Structures are given as structure tokens and as C-alpha cells.
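So the structure is just underneath, and the comments pick up after that.
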Amino acid sequence: MHLKLPLSLKGMTTLDRDQFKQTISVPYVNIPVECIQSSKWKNYLLCLPSLKNVRDLQPILKTHKQVLFDPDIIENKEDVIKKIPSITKYVEESFDFTPLAITYENYSIEQVIKAILPDDLGKDRPINTGSGYSLIGHIAHFNLKDAVLPYKHIIAQVVLDKLTHVKTVVNKLHEIDSVYRNFELEIIAGEPNTIVKCRESKAIFQFDFAKVYWNPRLSTERERIVNVLHHNDLVFDVFAGVGPFVVPASMLGCTVYANDINPESVKWMTINLKTNRTKKSSNEYHVFNLDGREFLRTIVFPRIESYQKNIANDNEKRWCLSDNKIIILMNLPDIALTFLDVLPEWLSENIEEKQQWILPIHIHCYTFSKADNPDEDIRLRLKTILPNINDNQISCRFVRQVAPKKDMMCVNIILFDKKKKETRNECDEEKEEKNPTKRFKQDSSE
């Protein structure tokens, strides 16, 4: 239902809940309890926060209930009969209107904020006027523009009132720091406590939101990656944060090597790996506090070489792990792509030995693109970093739009995938069998 609010609320900077009181006229029908089907009628019922649309009759009559309908949809009894013909009898007997007292509690966060803020805010270009926020544990996190800042305290108070599990409201002050990936924030209402607990991918994460990076809007993407992991996969996370990828990976039984340059992230990641450990996650986990390139050179590459040699020289392991893979995760979209510049030198060393490797390596590297064709843009950038990688080893996937004309993308680079190569070779052989002349010409030239 659309509730009209007095214009006197516009520009309010100190919350006066009494000004939201009003009385509206609402249509109702008294219906026997056994005939009420609220789920089927939900499109016609009065739906407001903290208000029951099926209520006791006064004086209390146990056999019947009073059902309240939305006055924007139901204007007369003919409307009810037309939309819900099964209750025609009760409509004829009891349809009427009743005065209903509406208070501050019956408005949504969006309705209250819209009633308070001046209409010209966001007129020139869309801005977050307070209805957009992220929930991280007990914290509601805003990123308010300058034009909205005079109303930040009243917006925060409304959120505290309406979301009972929220105890702290914060506002982002600056862009994400390029080194530690955290940002300065201001507590604008509630308790001065930024240490949170939140659940994702069947894991419980703890961290200090003021000192580390956490974006709940990436939960779907993180779940997508976790869903492609298998028990005994080898996972390296170059920019692991507090562990949103590696903790569920460890719980699945993957061997995990996790790194972050932020000591505070490493601290909480270690806690999260430990507290979420299960019988299934009996595999090793290793945590590092290094620069990303140093982690790749000194930990990732040597561990991969050792692991691949070990499998290649052990027939039992080759059989047991033949369907497994090695995953390298690089979620630092601003600059992650540039860290791939350490790959060419490593790939050029001991080529013959690497050609014997069994497990494919999947690199999931996140980046931003402002181009009309993000896929083409990313491939062109990759060519300058990895000139010897073939196009068929690269795939790009849209993750989400972070701003107008700015997309977050995931680049998947696959190395040493023997199965894929074998499939390609089989296809080539089929083509040659269908075209023996072409095969003869190729053989002759050799």
C-alpha cells in the first residue's frame, strides 16, 4: 500500500516519530477461520510492517477473523467478489471500512527515509539516499554521498529502529586502500563495536570490519568458486582476506595455502580456518603474510612443482588424484591482473618437466573493465602480460556491475590441461579422417 506522508517531514534531521501518525480507512471482511487462505490472497491484503492483516474480532469471536484488504486495490465489495469469488457470501454479510491508526512502526526503512529527504536529492544523477546498505553481522554499512551527509544520523537511527539485529551503523569515508584493502569508516549510530560474526558457505567468519576487507555482495561469486572445488584439490589464494574462499575450501577437504599482505586479515583468517575446521577438513592449511608476487614466487610455484613431481612419480597418486586440479585465486580487481607478470618466467623454466605434469592449473583472476566489450578489453590486456597464452586457454565471465559502465569480471586461465588437449586432438583426428587429402598434404610438408 502507498501511504501518503505529511510534507512537514521533509528535511527533518532529528527523528520525531510522532509526526508519522495518521489514520486511514481500510476495507475488511469477517471470515470464518477455516475459510481464510492468506497465502492465496496476499496480492489483495493490506501489507504494512508490524501490522497483522488477519486479526481478532472485538469482542473476540473465535469462529471468525477480520481480514484487512489493501484500499489501493479494494475500493468496494465488488472488487473483493471479483478477485476472491469464494468468499462472496461473507463479503455480502460483513464488507465495510474501519479506521486504522498508522504509526512510525508501520513504515519501511525506504518509506521513512524517502519521506524525510528532500525530493531534489538524486535528481541530477542517481545517488544512495540511504535505502542502499550492506549488512555485515550486526553492522549496517552505508556509502553516503556528500549531499546526503546532513541526514546521516537520522538515517542511521531509522535503520537501528527497523532492523533489530543491527547494533552499529557505519559510513564509508574514503575509497578502499590499495595495499590493505580496507577503508576508513565512521560510526554514525549504535555501539562502537566493529568486530562481527557472519555466516557464509556453511562457515562462520569473524573479523574487525574496520580493519579488513569484506564485501557481502560477492557472496554469490564466492559460492560459485567453492562449488567447483573437490576434495583434495590444491588451493592457493593470493589475496585471501579473512578467508571467504579458503575457509570453505578447507572445510571441503582441499589443501589450502592462503596469503594476505594485511596482518589483520591474516590474524582473522587464521582464526576462521581454525574455528571452522571439521573432520572432513583434515587436510593442511598454511597461512602467509606476504606481498602477492613474493607469495607466487616463493610459495605457490615451488609448491606446485613439488606437488606435480610427487604425483607424476607415484602411480597410486596419479590414479587417485587424476580428476583433481590446482586452483590459484586472485581477487584484487584493481591490480590483480598485473601480478600475472611473474608467470612467463616460471612457465619458461624446465618446460619438458612441466609437460609431464598431471594436474591442470586453473587461475581465477578478478579485474574491472569499463570497455563496451569487457571480454575483448581483458584479452588485449592479458596479451601484454602473458603473450604466449592461447586464446582457448582464457575465458572471461561477468561477475557484477560495481558502477555505471564499470564491470567486475573473472578471468579463468587454464594451464597444463591434458584432458582438454586430448579432446582437441581427438577432434582433429576425426576431421583428418573425414578429409584424408588435407592430412596427406600436412604429412607431406613435414
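Residue numbering: from 1, along the chain as shown.
Glycine is treated like the rest: Cβ placed from N, Cα and C.
Please treat TrEMBL annotations as automatic predictions, because they have not gone through curation.
Look at TrEMBL and you will find 133-417 tagged as domain 'SAM-dependent methyltransferase TRM5/TYW2-type'. Annotated S-adenosyl-L-methionine binding site per TrEMBL: Arg222, Asp260, Ile261, Asp291, Gly292, Asn331, in sequence order. The feature region 'Disordered' is assigned by TrEMBL to 422-446.
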Quiz item: Can you name the residues of this chain that are 6 or more positions from Asp291 (S-adenosyl-L-methionine binding site) yet have a C-beta less than 8 Å from its C-beta?
Solution: Ile261
Quiz item: Could you give the mean pLDDT over the domain 'SAM-dependent methyltransferase TRM5/TYW2-type' (133-417), rounded to a whole number?
Solution: 92
Quiz item: Among Arg222, Asp260, Ile261, Asp291, Gly292, Asn331, which the record lists as binding S-adenosyl-L-methionine, how far apart in Å are the two most distant Cα atoms?
Solution: 22
Quiz item: Counting every protein chain present, what is the number of Cβ atoms, excluding its own, within 10 Å of the Cβ of Asp260 (S-adenosyl-L-methionine binding site)?
Solution: 29
Quiz item: Across all protein chains in the structure, which of the binding-site residues Ile261, Gly292, Asn331 has the highest Cβ count within 10 Å?
Solution: Asn331
